[in-house]
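Lifted from TrEMBL, the feature list:
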DNA_BIND  85-128  DNA-binding region
COMPBIAS  369-381  compositional bias 'Low complexity'
DOMAIN    83-127  domain 'Homeobox'
DOMAIN    130-331  domain 'TLC'
REGION    344-392  region 'Disordered'
TRANSMEM  38-55  transmembrane segment
TRANSMEM  180-198  transmembrane segment
TRANSMEM  205-224  transmembrane segment
TRANSMEM  260-282  transmembrane segment
TRANSMEM  302-323  transmembrane segment
């Protein structure tokens, strides 16, 4: 184990040339980031999770009820032992062959069986009240941490001149505010890493898992080798749009359509501006070029920048989805009033097909009638024809 630890904490990997861990030990004159500081994130992540439960129960839920958001779930599927057995033991998405077999066995038409499975899947989805509470918690945290980050950074020289991120590197003292900011962000991402297994299930689970993992690695890397200054710029920049999206989702759940429209447009503008404009031109410029000029590359420098480029790849992917879905909303809205619900319905972090959220009729109903009912008529008609929604 000692050999493994010595290999892992190899100074030639983590630190610039001619710098040792002994040089970064805390003294009476200065405090530097220490790897053991990161252990504090685990109990704090648990505390954040408990605060979230209390917040959702005693603050978010009363707010949702005051806005007339009910806890009622989707329509309950008609009890059927055969279909229930298939659903629980075999598949939740039967193929065409299995649907035809069940149709003959139950003497139901195929569309009615498809509708039963859709209703049954929807039963396992959270209610609008649950979604509102989750979004309100995230909105509150994102707003707080972004506000704190702005208040902290506006007093620092590296916000106004990014070259200060590398002057006297790595002998840059760790301030109390910076330490608090880093540990708070790391604790939050650890809480998300664990809670995503119990949170509302979304179709981009894998992408968000990768996002949380990369975020934790970036925060850890930049803290251990004292790249915390540029790390604060990355954190604050990426927090800037999150609160707007959660606010748009809350407005959507509360059926405040105009507010939802406005908030989503603001979110899209801030997200694309910060992620595709400011981040590469400001942050990546300093981590790739200014740091190379002032400090020079070393092994963990390459890893850190590789992770930042991976984050930028995710930013491009999400920006593409935002633009694509917004364009689809506008083009479909030409036939009627534009409704961006299928975009802001639920975060940047999540793409959901709304085809599983169609209103359903009881089994046995004429399929032609069902087609007329579930078509594109009505305000949300095009929401029920396989469009996508953004969700965090």
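Just so you know, glycine gets a Cβ as well, placed from its N, Cα and C.
Automated prediction, rather than curation, is the source of TrEMBL annotations.
The DSSP breakdown of the domain 'Homeobox' (83-127) into helical (H, G, I), extended (E, B) and coil residues amounts to 32 helix, 0 strand, 13 coil. Remote same-chain partners of the transmembrane segment (302-323), defined as residues 6 or more beyond its termini with a Cβ less than 8 Å from a stretch Cβ, comprise 207, 210-211, 214-215, 217-218, 221-222, 225, 227, 234, 238, 268, 271-272, 275-276, 279-280, 283-284, 287-288, 343, 348-349, 351, 388, 390.
The average pLDDT computed for the DNA-binding region (85-128) is 88.
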